């Protein structure tokens, strides 16, 4: 499969949590990051062709997904959303800041898609009921997105991990414990369940940026 080079990037607590509780905005935990950590995050954004989050992240966090703490271009924003249920006032639909692609399915209401297009976003249909990432990734590659930063959340991260179509994972470690059984972690989904199916990583680099430990991992058993 021709696909972009994929980098999952996230802040995580020591116990691997992304938020304080299910349904909470990740911006609360991210408020613990210092400016150097934000610079690190935005330096990656400035180097990639595209950036992706799920529509639940858009609804909860309303991110802009632009480059502000570093110099460089804004990446193309890609939002997979089976029903195209992205709020029409979402920051990602402000296409004056950066281009946006909404990846959706045949079941998305046509009138909804027209409203999104009127705001300047591009719509691509890849799938019947659910967004088909096996179709989406080659389509993004054909559109010139050779490198893709995935900022989650847990469900989107699982779509890449379970298909083994992720090349790197970069983590900003926050020195806190969140706890909780149902709090989203770095990767959601049903899990691999068997030892032989696990995704294997190799530590490529680790360093301190500001007050945060950064780890950068290379995926060993990926599929290109």
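Each residue, glycine too, has its Cβ placed from N, Cα and C.
Keep in mind that what you see is a predicted model, and the values were worked out from it rather than measured.
As written in Swiss-Prot, here are the features:
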BINDING   57, 61, 82, 83, 84, 85, 131, 153, 154, 155, 156  NADP(+) binding site
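In sequence order, 18, 184, 185, 186, 187, 188, 189 make up the list of same-chain residues 6 or more apart from residue 154 (NADP(+) binding site) whose Cβ falls under 8 Å from its Cβ. Here residue 57 (NADP(+) binding site) comes close to 26, 63, 151, 152, 153, 156: these same-chain residues lie at least six apart in sequence, with C-beta atoms under 8 angstroms from its C-beta. The 10 Å shell around the Cβ of residue 82 (NADP(+) binding site) contains 17 further Cβ atoms across the protein chains shown. Secondary structure at residue 156 (NADP(+) binding site), taken from DSSP and collapsed to helix, strand or coil, is helix.
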